Each structure stands twice: as C-alpha cells, then as structure tokens.
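Under the heading active site, proton donor, TrEMBL lists 60. Summarising the annotation, TrEMBL assigns Zn(2+) binding site to 58, 86, 95. The annotation NADP(+) binding site is assigned in TrEMBL to 164, 180, 210, 235, 279, 280, 281, 282, 283, 284, 285. Residues annotated as substrate binding site in TrEMBL: 178, 194, 206, 214, 217, 277. For 357-367, the entry in TrEMBL reads compositional bias 'Polar residues'. Here TrEMBL flags 9-125 as domain 'CMP/dCMP-type deaminase'. Annotation comment: TrEMBL describes 344-367 as region 'Disordered'.
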Ligand SMILES: NC(=O)c1ccc[n+]([C@@H]2O[C@H](COP(=O)([O-])OP(=O)(O)OC[C@H]3O[C@@H](n4cnc5c(N)ncnc54)[C@H](OP(=O)(O)O)[C@@H]3O)[C@@H](O)[C@H]2O)c1
C-alpha cells in the first residue's frame, strides 16, 4: 500500500469518523452503509456525508455536496471512504466519476466493493491519476458491512437465527404453550433487531401454532418505521385469517422445504439480512445445512423439564462434531440473557466449516 500523504493517524481518525457516519445509515435495505470524510491537504476534516438509503445520494456525493454548501472547494482534498466508490450508473451516477469531477487528490478506502456491478471504482480513480489506497481499518469496515458483504459475495442473505428458550433449551412447554418464556426486555430487544433486518422468516408450523404478526414494534407497541418482509417457509398455505395478512411488512410465502432454494430466492430479492424466528423444525434444518451465520439466543432463567427443544437432531453423535459458534457478546436483558454468537472459523476441531469469521475480536459486553 502507498504511504498516505496524511499519515496513518490522521487517516485512521478520519476513517473512524467515516465508519461512525456510515453506521447512521439504515441497517436494512439493498444498499450498503457508507460514510465519507473530506480532508484538506493539511489533514483537516472539512466535510462529511453518509448514505441514507436506496435512492438517496451516495456518501461521496453527500460529502461533496456538504463541502460546496459550506463554501469549500473540494479540489485537492482527500476522500476517506468506508467502501470503494462505485463505478456504475444506478439511481445515482458513479461515485468514482463524482470524485474525479470534483478534483479530489487522493481516495482512501476501507473495504473493496465486491458487488459485481458496482466494483471497479478504485481502478477508475487510479486511471484518472488519483492516489488510491484500500484497507484502512479493514476489519472494522468489514464488520460494519457484514450482512451486506456476505449477501453480495454469496448471493444469499446473512442468516441470524433467533432462539428464545428456557434455561434447559426448550421453546415450548409440554402442552405446547410457548408465549412469554422470556420477559419484556428480551422481547423489546428482539423488536429492535426486527427493525434492522430486511426479512423475518418462520416455518408454517409456527404460523399454525402461534399466529404471529412478525412486525417490528416500538416499546410503546406502535409499528416501527421500517417493517421487514414477512416470510413463511413450508408447503401449507397461510390461513386467510392469519395475522400475517394484517398491518406490517409485505408477506411472502415460499411453499417449499428446500431452504437452499429459499435463501437463493431471498438473495435474488436483495434481502441482505434474514432473521429466522423458528420454530424448531426450520431452525434444525438451517443448522443442519450449516446455513446459520449468527445466533441470537435469548435465555430465560426458567426450567420447563419437558416440551419441545429449540433444536432437534442435527446428526451429531459425538461432541467433536457439535455445531460450534463463537460468542461475540453477552447482554443482560431484565432477568434474561442474550448471547450473540457467530459461526466458527475453520479450526482443527471443525475443519470443514467455512470461514465467515470477522478478523476483529468481538467486543464483550459487561453483564
Ligand atoms: N420460543 C421460540 O423462540 C419459538 C419460536 C418459534 C416457534 N416456537 C414454537 O415452535 C412450535 C412450532 O414448531 P415447528 O417446528 O412446527 O415450527 P416451524 O419450524 O416454524 O415450522 C415447521 C414447518 O416448516 C415447514 N418447513 C420449511 N422448511 C422445512 C424443512 N427444511 N424441513 C422441514 N420442514 C420445513 C414444514 O411445513 P409444511 O408441512 O407446510 O411444509 C414444517 O412442518 C410452536 O409450539 C411454537 O410456539 C417457539
């Protein structure tokens, strides 16, 4: 990598700010979250911008607009951007061209753009004589874009599996009752996750048993601003009177048990992040297919002793074959605990598992 003119410290400080800006954009939607900071030749940040969602200006254009609005000529500035500027005409023009047209002197990028349509921005900038580096705070950039990068690279959404269980791993009591194993704080948290994802899926068994609405709600019970696509997996039809037909996101019934096909279909619909909320049959099938990228386990200090387990037979006969995840955070929610864990990187213990583990170490939350 060329040594940046501004020095590593200035560049990393600007990239950290660009990452914070990017995080202000919506976590859902087909587009990535991107932030951009413009630096003067002496390293002062003079303008910034971020992408506010599909159809709005990209981060680079927003930063250039902000500079001009503040009376700053962007010529000769350095653009610090979390994702490689795009090189294609979408709803907005190519960001690489906007930066070239504005006369920026250098562009520093955290993460290269893997999108087959948008990629090529760095090459275009270099061809125009602009200094480009890629990889500043790359692990942080990758982490911010984790579901989006996964979806663009694989053609399938990032799958988060939510399990709400008793301490003995059960999702329902012996009589089938399952509502409110976890408490208010855990349920409220689960709604904040729903409001961040593109789609929520359940199997037709959960529709039949629980008649869920699968909406994202505020703590006051109102519908959140963003409602994810509601997906039902399974051959049984969704009953006419189901709450899934009521207010909330669009309903998509995929009348299949072929989860690989279902995930590809969702990928084609630009679903980047899918939250699966059960039940045990679909959860087991996804885990058995090694299709779960992240687990959200809400565990209540409740013992049931009997009733359906969160996960059925995975074909594991010895502990060495267990489906292993790596803990990223543990959060106390009222009386309950949320454990977030990611699929494990390949290791001597489980050599066949694919590498989807981030380069950064997870931040542990205090409980
Ligand atoms: N505590 C919790 O977190 C939680 C969450 C959800 C559900 N639950 C509880 O779980 C129970 C329902 O369990 P469930 O296992 O029947 O629910 P489920 O997993 O939501 O639905 C099972 C159905 O999904 C369809 N399906 C889709 N893909 C499949 C695949 N690859 N393999 C097999 N079937 C597939 C099948 O329906 P078709 O026959 O239509 O093809 C199957 O009968 C209820 O008691 C509910 O309250 C608890």
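We number each residue from 1, going along the chain as drawn.
Placement of Cβ uses the backbone N, Cα and C atoms for every residue, glycine included.
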Integer Å distance between the CA atoms belonging to residue 178 (substrate binding site) and residue 210 (NADP(+) binding site): 8
Nonlocal residues around residue 214 (substrate binding site), in sequence order (Cβ under 8 Å, 6 or more apart): 194, 200, 202, 228, 230, 244, 248, 249, 277
Pairwise CA distance, residue 164 (NADP(+) binding site) versus residue 217 (substrate binding site), rounded so that it is a whole Å: 18
Contacting binding-site residues for ligand 1, chosen from 58, 178, 194, 206, 217, 281 when the Cβ sits under 6 angstroms of any of its atoms: 178, 206, 281
For the domain 'CMP/dCMP-type deaminase' (9-125), the mean pLDDT of the predicted model: 92
Which same-chain residues, if any, lie at least 6 apart from residue 285 (NADP(+) binding site) yet have Cβ under 8 Å of it: 257, 259
Binding-site residues (86, 95, 164, 283), the one with most neighbouring Cβ atoms at 10 Å: 95
Residue 283 (NADP(+) binding site) and residue 206 (substrate binding site), distance between Cα atoms, whole Å: 11
Those recorded positions listed as 60, 210, 277, and which of them has the most Cβ atoms within 10 Å of its own Cβ: 60
